[in-house]
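Record features, source TrEMBL:
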BINDING   Asn8, Gln53, Tyr155, Val156, Leu181  cyanocob(III)alamin binding site
Amino acid sequence: KNNGMIGNIYSMGLALQVLEATRKFYAPRKWDCVQAYSVVYAHDYQQPMAIAQVLPALVGRSYLDVAGLDCAATEDVSPSQQLPLFPKLGAPRVPRGPIEVHYSITNKLQGKHFHYSTSVTVPSGSTLLRVMEVAAEENPAIFSFKTEQTSWGPYVTSIHGLAGSNDDRTYWKFLSAGNALDEGGGMGRWGEPVLGSPCPSLKYPSATGVGTYKPHDGEHIEAVFSTY
């Protein structure tokens, strides 16, 4: 189902680990593992936590194998066989021109409703977090926001003084052209890939992925106060 996708792109790492670790415990069934791995290969993971979950699965291992690792066995490995600690530097990147991103915040859910929009100019390749920072620098009274750091990167807890709440099941959801962003986002409570959703831990209803999602020129990003 779903062309090999299990849950969403950010649940694939742990899902593949579980299937590999429990292979001998479940009956054979129709499951296209090649298709599932193709989904992972085709995605450009950016978040360290997501990468850490996917890598073991790509070599046929799981976190359970850590207990059996013999770290001392690598002490006698020759330098030529060791992986480099730093990547080799290639040709310098050519600076790209600035882009304009349209950004709006909307609350039609609690308290005094509001809707504000702005356009900011940032260097090409900037993250959504940088777009929000520039908007806040230019108009802090309107676009100020707060974040907290998690193992999945920074997540937005409040915008314009309005914070999400676990008790009220509210959070800031991010959309582009009316569609929920799924690049660099977290796992929704119901398994849907959403940027601006409950974190993969399902503990915080928050906007995850703002530190990795990169808007394109002319894109309209909306932050909408929502429920889950």
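The backbone N, Cα and C atoms fix where each Cβ goes, and this holds for glycine too.
All TrEMBL annotations are machine predictions without curation.
Just so it is clear, the model here is predicted, and its values are computed rather than measured.
Neighbour density at the Cβ, taken as the number of other Cβ atoms within 10 Å, is lowest among the binding-site residues Asn8, Val156, Leu181 for Asn8. Around the Cβ of Tyr155 (cyanocob(III)alamin binding site), 25 further Cβ atoms fall within 10 Å across all displayed protein chains. The Cβ neighbour count for Gln53 (cyanocob(III)alamin binding site), using a 10 Å radius over every protein chain in view, is 22.
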